[in-house]
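Visitor: Okay, here's the structure, questions in a sec.
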DNA sequence: ACCAGACACTTTTTT
DNA sequence: AGTGTCTGGT
């Protein structure tokens, strides 16, 4: 097949304007102006009230009645381009879902004629649910609601042959991509140390985000890698993907773009199909997504372009992975006659939180400018509280205490659920300290993000087996498992197999099945390979007639893969077996193995246990879109937040993105927001003394309190003043508050409170500037639980006891100090736990 | 095939 | 510092 990429102009000029023909083609499926509900078609599940509402002078449909005027305008402005600038907590998702419901209920389109795009599966899922509630459960009727990628796959599967693929192509994940590139680098006789595959994978990703195919990449980029072979390597990669009948994530967007450009008729069909287009989180779109969207959204003059993009330039935090805030800024230019609607009424947070966040973000220059406000007035609302700690360990301890305090209800007499609290960190290494602390406290927590289920070794191995059964051309899967478990097929054999497969341009599995008929291999290798080939033949045969979960189990059994882990005596092995069982279990929800594989490649997340009451720990990035009653923001220090690298590499715009991240963090909070900074932090192993973040100085004094933490060394923070005055002098920069009575009190306190660095340290005494409260309140002793039970009862456990812990499973007691047990867990390794959290097994 | 020691890497992450 | 990956030796 010829290289179908070579002759496609990609980034030069505007594509041909979209179809010129009149809208409203005579598609059978087309609703008339009176709407799809006018007739007696059933099965849409749209509530009957819609029909009543449509006729004559109707009262506002009840789904509209709860909206404020701006939201309502955003929902009801159906024809023509609309940009909704929706600040944090202003009801963005509500607008989006209500708008879809409105389109459906007024009979302007069938569910299948609405294209609604999100970035994450989670957002897509949530939208589906909420539309279902509004419209009465017709969620299956919205086949084109999904992520950019899942919609991309859907389109691509229909027209794969136009870009040289078969419709059963495989979607490779990052790991596969890196392995593939590594092979290519080695094939070029390049030093794979000097030119790391991972780095090149990143470059390709970057190019694809910009919509660039090999001919389009800038000279400089092409030269910068692999002794100037960057472009060739990229082209070789694309070619290799095609022979593997595979795609990477970028291709899921790029291929459809290519297809639309080279087959205008097809694009026309999509134009007719998608009468309404909606995009969520528009500030996060990258160039490729933007191109894709424009191709689909463009309409001839005089035909309304029914595009609605919703976004918030202040929450654009993905510039580093190719998002172009410009897309949002130039919306009005791209779509003529666009109506821009701002949503600024916030329903989430207190005025203090909004005030703090708003004042901070006002320091950014490149923004469209919104100011969030709320009607909520409650003198009991807490200000944002800034805390200082000596080091990250103390920070974790203090946060833990605050959490327990809220949980007990000491503060306001209300007991707070752990589910309502979150710790949002800048970088994931910060999480560890909190986890350690919470383990010791026996405080439930859950980490959001981080290493994912489907990325685990054993899961990826198992998936490789399944992939190869479904898609015998998947050489990457073949290479992954051909010698896993060990079958005596070493590097030499595999390399030989690989080379001869490439030479004859056939998949490796096929090459292997031919090779075992010859004498090319040594008898031992030949036998081993023969067995592998036989196995795959068997499994492929069973694919159509065996229940897929059953087949999956058989594959793992017969291949010896489960045995491999059963025989493995390492600590992780039992956990891995559990994960494999979990994998099979999760397949039950799918109709076929293929369906399951598709799901996994697009939806990498596995759902969390929602029933457990636990504090959430996550990065600021993954917190976007979420909200919590109480939010803890640790690590506000120069170098960490704003991150040094963002500053070094991104300059001013890097700093502004960090500031937006801070803004996102604060605006996650509904009622309480605690910010922490430490004076000493260990970075890459060495202790460094750190300066408080400049963002602290950018917070307005009127909405912020300073907490006095008595054990800390403030290191002359207030006097340092190294950042110059902010542009917001008249609003009293935060730095000034360090000369307030509260601050001085804190300074004075530290002398007598630091005397005991461990046991008797008081937690946080919160000094409320402006509320005139009477100084530090109820002091929480660190490890209160410890103190209590040590005095009362000797531990009921003894060394060697077999115990069970709800999170870590079974283990043996290895040590006892008071009521703190050191336990050697079968799966989780050694942990220190309070004895109240384990029971005798 | 397996292990030990060297070496590298250390912001954010979805799909 | 700590972890994970890769190489080179046995």
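Backbone N, Cα and C atoms are what each Cβ position is placed from, and that goes for glycine too.
Dumping what TrEMBL says about this protein:
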| type | residues | note |
| --- | --- | --- |
| BINDING | A:86, A:87, A:88, A:89, A:90, A:91, A:92, A:93 | ATP binding site |
| DOMAIN | A:65-350 | domain 'UvrD-like helicase ATP-binding' |
| DOMAIN | A:351-625 | domain 'UvrD-like helicase C-terminal' |
| REGION | A:1-43 | region 'Disordered' |
| REGION | A:739-761 | region 'Disordered' |
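Would you situate these features in the structure and describe their surroundings?
Guide: DSSP assigns residue A:93 (ATP binding site) to a helix.
Per-residue confidence over the domain 'UvrD-like helicase C-terminal' (A:351-625) averages 88 (mean pLDDT, predicted model).
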Visitor: I need the neighbours of the ATP site defined by A:86, A:87, A:88, A:89, A:90, A:91, A:92, A:93. Which other residues of that chain put their C-beta within 8 angstroms of the C-beta centroid, in sequence order?
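Guide: The answer, listed by sequence position, is A:95, A:312, A:343, A:346, A:347, A:348.
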Visitor: Quick one: give me the count of other CB atoms within 10 A of the CB of residue A:89 (ATP binding site).
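Guide: The Cβ of residue A:89 (ATP binding site) has 22 Cβ neighbours within 10 Å.
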Visitor: Might you list, by sequence position, any residue in that chain lying six or more from residue A:86 (ATP binding site) with a Cβ less than 8 Å away from its Cβ?
Guide: A:92, A:95, A:310, A:311, A:312, A:342, A:343
Visitor: Show which residues of the chain containing residue A:90 (ATP binding site), separated from it by at least 6 in sequence, have their CB under 8 Å from its CB.
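Guide: Sequence-distant Cβ neighbours: A:71, A:343, A:344, A:345, A:346, A:347, A:372.
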Visitor: Just how many other Cβ atoms lie inside 10 Å of the Cβ on residue A:92 (ATP binding site)?
Guide: 23
Visitor: Per DSSP, residue A:86 (ATP binding site) is which: helix, strand or coil?
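Guide: Assignment for residue A:86 (ATP binding site) reads strand.
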Visitor: What is the number of other Cβ atoms found within 10 Å of the Cβ of residue A:91 (ATP binding site)?
Guide: 21
